[in-house]
Structures are given as structure tokens and as C-alpha cells.
Amino acid sequence: MIEISNLTKIYGSGPQEVMALKEVSLSIRKGEIFGIIGLSGAGKSTLIRCINMLERPTQGTIMVDGQDVGSLNSLELRRLRQKIGMIFQHFNLLSSRTVFENVMFPLEIAAVPKNEAAQKVNALLELVGLTDKAQVYPEQLSGGQKQRVGIARALANDPKVLLSDEATSALDPQTTRSILGLLKDINRKLGLTIVLITHDMNVIKDACDRVAVIDDSTIVEVGDVLNTFSNPGTPTSRSFINSIINREIPAEILHRQVIDHGSNSSRLIRVSFIGPSAGEPIISSMVQKYAIAANILYGNIDQVKDIPFGNLTLELIGPVNTINEALDFLRKCGLEIEVLNHAGN
């Protein structure tokens, strides 16, 4: 649906030159919710604004639904933009117009007949849950309701793509969840491709199918959201994930002095699990089968798209050979094992 190749955006020149994007390449599939996360100034908003040419890239190509966006003339670009809706952190509603009239506005610009446009607006207000607010003015709405109006307005021309630039960052957590739920519902009902810019990993976890992590103007990781959460591949990804799920083992546990257990060995391990294995008594089965002790020191669990994932830090106590056999058993059960430290006789 969207193919971005070697995209670079430079502002200014000479000593004032700033590289906002550096050789960015992405492939966004039709019908998915694709998240782009990064810190302030990383380049994520510049990237999304290049997709509909609100920002012209310095070099590189952007293909949207088979069209090279950068090669379009003014008329062609205007037509393409009608098929790319956009919502923002600030709602940009017209204060002198009612909710109905705000949603009607892009249809007026497109010269859609009034009766047809009115039917369209009513359907959109029903979709976003604002039928009873049609004749209300923006100042009478909550932040979440204003964003719902913005979403309805962005959908007025039946876009194929919806761009969301920090659309929930000004909202409280409960309202954010409500708006994300609406976007997922729209994605499911309309088959709409959604590109979602955020600095909040909770937004990625709750709404997205795949995610790209941008750091210092460059894409550093792209992947399925579940895989990124369960096995982040870069320090930037780990930092974002740790902001909502602490995957890092506390130092006092990691550097724990292994206790002398006489003739037995002691080994500190981290066990990572994902999907069905999270609900199975694998650790209990290991303890019973190999007659070793397992001391649970630390752990956490969470869900992405109703799939559980997490990790446990365990101290295993027993004969060296038996512990090795137990670790092989865990691996055969599909668990990822990391040995943190060990001691033994």
C-alpha cells in the first residue's frame, strides 16, 4: 500500500543544515495499523508528513497505492490527498461550525451534492458515536469527542489511508484507549490502512499490527508488535518497552551472590515465554521431572493482541548434569533460556 525507499529530508543548508530523515525505507501493508514510534525530534512527524507531501523529501521515493507521490502535479496530488485522511494532536476544528458542519466541510470542498453529503455525514457521525452531538459546537465537546469529530472529518472522502500524527498525545489514558478502540474498529470495518505516529509504547501495544522504531532520523527496527515486545532488537526499542514493561532484571538480582548449596550447583536463568506456553505449567513439570529446586526471584507478564508474553528469573538448584537436562527440557518446550550466572562443584 505504501512503499518508502531511501527517503532523506534535509532542512536548511551549510552550517544550518539539519537532517530530519536519513535513508528511510519502509513497506506498509494494505489494511494494517502500522505504528511509528520515536522520541521528540527523531523524525517521525516529518516522515508521516512526507507521505502526503505536506513535506517534500530531499531525495527518495514514496509510492502510495501504486502512485509515485513525488512525481504528481498539483491537480494529481490534490486528488491523491483526498484519499489520504489525516488527524492531528490538535483537533483543528472550525469553532464557528457545528459538529455536522465540520464533518461536512471537506465534502463541500469536493463539491459533493448536499443531499449525498448530508447522508455521508450522518453515517460518519454514527460510526464515531457522535450522532447526538451533530448540532453542537466544538467548545461544548470534550477532548475525546473533538478527536472523534476530527476522525469523522478525515474519513469524509472515503480515504484508503489514514495518517495519525500524535492524535492521542493530548488525551488522558481512558480517552486514549477509547480513541484507539475506535481506530481499530474503523480499521476492521472499512479495511482502512492506518499509519500511527506516537511516542507512547502503550499506543503501539494496544493498537498496532507492526511497528517501526525511529531514532536520530533513521529506522532502527521494524517488526511485528508482539515480536518487538518479546524480543526487542535495539537499545532504543528496549528503552521504549521498559517504559511500560520492565524487562530489565534488578541489579541486586542480576549480581546476586550464588549461595553455596553443598554438593549441588546453583544457576541463575531468565526464561522467556510467549503465547500458549505462558499458560502451561512447564516450570512445575520441570521441577517434578528432574527433582531440582526452582526459586522464583523476579518476573512479569503482559499481553499484546490477547497473546500473553513475559519472563521469569529463576534460581535452579541441583546437580550440574540434572540442571543441564532441565534446561534442555525447557528449550524443547519452546521457551527461550538465558543463563545469567552460575556456580557449582
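Cβ coordinates come from backbone N, Cα and C, glycine included.
The domain 'ABC transporter' annotation in Swiss-Prot covers 2-241.
The Cβ neighbour count for GLY43 (ATP binding site), using a 10 Å radius over every protein chain in view, is 24. Positions annotated as ATP binding site by Swiss-Prot: GLY38, LEU39, SER40, GLY41, ALA42, GLY43, LYS44, SER45.
Candidate binding-site residues: SER40, SER45. Fewest other C-beta atoms within 10 angstroms, SER40.
Of all Cβ atoms in the protein chains displayed, 12 besides its own lie within 10 Å of the Cβ of GLY41 (ATP binding site). Counting other CB atoms no more than 10 Å from each candidate's CB, the binding-site residues LEU39, ALA42 peak at ALA42. Other than the site residues GLY38, LEU39, SER40, GLY41, ALA42, GLY43, LYS44, SER45, same-chain residues with C-beta atoms no more than 8 angstroms from the centre of those residues' C-beta atoms, the ATP site, are HIS199, ILE214.
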